[in-house]
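Notes to accompany the following structure.
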Amino acid sequence: MASTTTCTRFTDEYQLFEELGKGAFSVVRRCMKIPTGQEYAAKIINTKKLSARDHQKLEREARICRLLKHPNIVRLHDSISEEGFHYLVFDLVTGGELFEDIVAREYYSEADASHCIQQILESVNHCHLNGIVHRDLKPENLLLASKSKGAAVKLADFGLAIEVQGDQQAWFGFAGTPGYLSPEVLRKDPYGKPVDMWACGVILYILLVGYPPFWDEDQHRLYQQIKAGAYDFPSPEWDTVTPEAKDLINKMLTINPAKRITASEALKHPWISHRATVASMMHRQETVDCLKKFNARRKLKGAILTTMLATRNFSAAKSLLKKPDGVKINNKANVVTSPKENIPTPALEPQTTVIHNPDGNKESTESSNTTIEDEDVKARKQEIIKVTEQLIEAINNGDFEAYTKICDPGLTAFEPEALGNLVEGMDFHRFYFENALSKSNKPIHTIILNPHVHLVGEDAACIAYIRLTQYMDGSGMPKTMQSEETRVWHRRDGKWQNVHFHRSGSPTVPIKPPCIPNGKENYSGGTSLWQNI
């Protein structure tokens with residue numbers, strides 16, 4: 001039997017140094033090619049953890065990166081497979097993110113923005129000429145070759161890039177990053193190269209004023225803005241921007257992809273090709289100031305998403321929101337109404353803990369550019385977990401009014417207290433709110449274990465989880481009850497409502513039972529002493 005030889009070319013030819021970045025299945029480290037002393041960045045992928053689909057994506061990324069050779073694109077120099085690992089050896093770019101460099105500059109003008117977007121357009125044009133659509137153009141993927149003044153802008157991360165034939169339009173899946181998605185992707189229409197030009201329009205808008213054209217903390221409303229092309233050029237910051245710059249943005253942010261400007265056409269636009277005479281040279285300090293806040297918000301959001309659901313331990317106090325100076329809050333939805341304002345202090349949440357949340361946001365620090373199908377699904381699943389937490393908070397607080405707002409009037413339920421019967425409507429549950437929950441002032445803490453969310457189309461979802469309820473019994477001893485729950489949610493008029501639930505195990509919210517002289521708890525009356533929703 002012939003012996004198999006394991007490839008060790010990377011191990012033999014390269015020396016690894018410090019870590020530069022990390023993702024779910026990969027790490028990026030500085031490395032040196034031993035024979036030449038040349039330094040590179042090695043993206044090291046743990047292939048033992050990859051699915052067959054992930055292997056295909058890795059092969060596609062390597063194939064695309066090998067094809068693209070341009071001064072404004074981070075170049076792939078080598079692709080090596082070894083036992084359990086795959087190594088992609090890229091240019092070592094040391095200048096950091098373009099947007100971070102801009103805010104450190106003493107002088108920044110419209111002409112500088114023109115030069116930045118020109119380099120981005122050059123990279124996009126090269127991709128499109130080679131039949132590649134990047135699909136994830138955003139600030140995190142725009143790097144500088146070095147820290148030297150005037151260093152080249154380099155487009156990075158082709159993990160979502162696809163290969164297309166000419167001007168082919170097809171449905172390649174929901175991919176990208178929310179604020180940079182094009183209307184056609186959100187409509188789930190066939191798409192192609194124009195999606196990159198839409199993202200360029202968003203980037204150019206930010207380069208000129210320091211905040212994005214489309215903004216809403218609520219992803220659904222953000223998508224509605226994008227699909228409607230609902231952006232403008234508000235005063236006073238846009239008053240000092242030349243008409244030619246606005247014209248180029250309008251051509252990039254054209255809703256109809258067939259009429260949207262191409263990369264090659266954009267490079268010929270007067271604001272790019274005749275920068276010296278067309279673009280303003282005035283220093284834009286307000287843009288720099290706004291961009292600092294924009295960068296801080298991006299970094300904060302990434303950090304929050306990374307740690308958000310490791311464990312969530314909420315205060316037993318009522319939800320509070322401290323409003324920082326200058327932040328406008330919509331009290332109904334706790335939405336920041338302007339992207340130019342300061343970063344809001346997060347609201348405290350009810351006393352519910354989510355543990356081991358496989359369906360929540362677990363962002364890698366590599367980038368937020370997982371497929372938006374994954375991203376969108378994660379966001380929608382998180383919405384379901386959130387509204388489930390709110391429902392349980394209403395139960396814990398004995399707040400029947402809040403409960404009825406979250407539940408459908410025709411709510412159906414199977415639960416132990418109904419003795420196998422299907423309960424319909426709110427009257428069965430009203431009894432417990434009025435006679436038990438409202439009279440209980442004992443602290444209650446609920447833990448949701450292992451929530452799993454199944455999305456059923458756009459407007460329906462099912463969540464299954466284990467619910468642990470901690471409380472103090474009549475003698476002051478700590479107790480815990482467990483139930484297994486499934487809830488079905490339906491979205492009507494943009495609002496999620498619980499339409500059905502099925503619960504097994506113990507009832508979930510304790511009511512202090514009477515005590516008999518020997519100290520033993522009396523559960524006479526059966527389960528009617530326990531809240532059952």
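Any Cβ shown, glycine's included, is placed from N, Cα and C.
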_Stretch carrying region 'Autoinhibitory domain' according to Swiss-Prot (options 283-292, 433-442, 493-502)_ = 283-292
_Count of other CB atoms lying within 10 Å of the CB belonging to ASP136 (active site, proton acceptor)_ = 28
*For the region 'Autoinhibitory domain' (283-292), jot down how many residues DSSP puts in helix, in strand and in coil.*
8 helix, 1 strand, 1 coil
*10 Å Cβ neighbour count around LEU20 (ATP binding site)?*
16
*Rounded to an integer, what is the Cα-Cα distance in Å between THR287 (phosphothreonine) and ASP136 (active site, proton acceptor)?*
24
_Going by DSSP, is ASP136 (active site, proton acceptor) sitting in a helix, a strand, or coil?_
coil
_I'd like the number of other C-beta atoms within 10 A of the C-beta of SER26 (ATP binding site), please._
22
*Measuring Cα to Cα, how many angstrom lie between SER26 (ATP binding site) and ASP136 (active site, proton acceptor)?*
19
